[in-house]
Amino acid sequence: QECLSRQQLLSTVRQMQKLLMAQEAAHLQGTRSLKKQLSVLHSRVQRLAGKRNETCPQLAVPLNGRKLGRSTRVGHDVHFVCDAGFRLVGSETRACRRDRTWSGTQPFCRSIDDCSSNPCANGGTCVDGNQSYTCLCPRGWSGTSCQSPVYACINSSFSRQPRCAEGRPGSRHCSCDAGFQMGAGGVCQGMGARREEARWGRGSLAPIHHRRAPADVDECQLFQPSPHTRLCLHDCLNLPGSYRCLCPPGYVLHADRNTCEDVDECSRSQHNCTHGELCINTFGGHRCVHPKCPPPRHNTSYVKTSSFQCERNPCPMDSQACRLAATSISFHYLPLQANRTVPRVLFKMSTTRFVGDSLRFTIMGGRGQGVFAVRRSGRQTGELVLTSPVVGPATLEVELEMSEFSRKVLLGKHIFKVTAFVSPYEF
């Protein structure tokens, strides 16, 4: 009774035969793929040896950035990306042309916060802009970096130095404190110094002098409407003789008193996410997410191996549908500022174990996918690129697929579910 029946024995033998045939086919397929890759490599080396002169000069790697692509041959592209905290200025992609010169201009990486290097001297206040910074100089100093002293002769107690803000090169704006107005020679004169009215009081032999009340200078109205001279990154509140910068909810005023800094609600435990949800910090707020693996279907099931990753369980031997399903599914959440300059690389895909002869990157679907594109950035890597500026607030979703082939036979594929949370603001 413990022995296998003839039918059970035959079934076991058939399964072993199928297993050996599958292993033999995989081994043969791997050998063929290796031969093909060696053949392609041989032909490329031969072509390269015959075209040594058809190359462009090597390009420098920008400081605080990276260069993607090693080929300097005619017709090939090189891409540049900056490290976190820096933005690319110049050409993101440069192509080697037929005259063996590179298209575009050599890029460099500029700090997102230009004020981090403290460029304003003599107590000046730095205001970070889109492409540069502006120094708000204290009384007695001027220049793009508050480096030049202002010399003026002040002979009256009703005279005062103006407050000046240096904008773009050649642009300088000055205002006076409350009760003063701009006079000759760029000096603030007291508005009551020469503006006295006299009338005779009833029954009095002496004139009664009335001095007009000083008028406040509204710096917000003067400077804030223009993007070249604006004092505050978000909103400006006029105060008697001064002003104050305001930030929207989800931000706090930076130490420079002009720019706004995002509040990380997730790290400060200021979120309302329930148990089982994950907190994702965004610009000006946060989102609560709960990534889930797809339910079992067609002999295909997944198990969650981390908070943001699902792996496919082993497939039954006779299930073609399971073998064609994705071997892994990962979830990615990207906080994004509104109206970002494009094109901009948002996400990179790569494989650490490449056994096939080709990779294919595809956008499979999503919400708002019209503003995205995928491109190859290396032999084993691809990039998700933002192609159009997005006005916030908005939530964009895109599903990416990375498939690996050997002689046009699918070896495996991976799904990347990317969600971008676009802020209402550009900071």
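Every residue gets a Cβ built from N, Cα and C, even glycine.
Since this is a predicted model, take the numbers as computed values, not measurements.
Annotation comment: TrEMBL describes 54-111 as domain 'Sushi'. For Cys82-Cys109, Cys137-Cys146, the entry in TrEMBL reads disulfide bond. Per TrEMBL, domain 'EGF-like' is recorded for 111-147, 216-261.
Taking all protein chains in view, 20 other C-beta atoms sit within 10 angstroms of the C-beta of Cys109 (disulfide bond).
Take the CB of Cys137 (disulfide bond) and look out to 10 A: across all protein chains shown you find 26 other CB atoms. Here the domain 'EGF-like' (216-261) is broken down by DSSP into helix, strand and coil counts: 5 helix, 15 strand, 26 coil.
You'll find the Cα of Cys137 (disulfide bond) roughly 27 Å from the Cα of Cys109 (disulfide bond). For the domain 'Sushi' (54-111), the DSSP counts in helix, strand and coil order read 0 helix, 25 strand, 33 coil.
On a Cα basis, Cys146 (disulfide bond) lies 30 Å away from Cys82 (disulfide bond). The domain 'EGF-like' (216-261) scores a mean pLDDT of 88 in the predicted structure.
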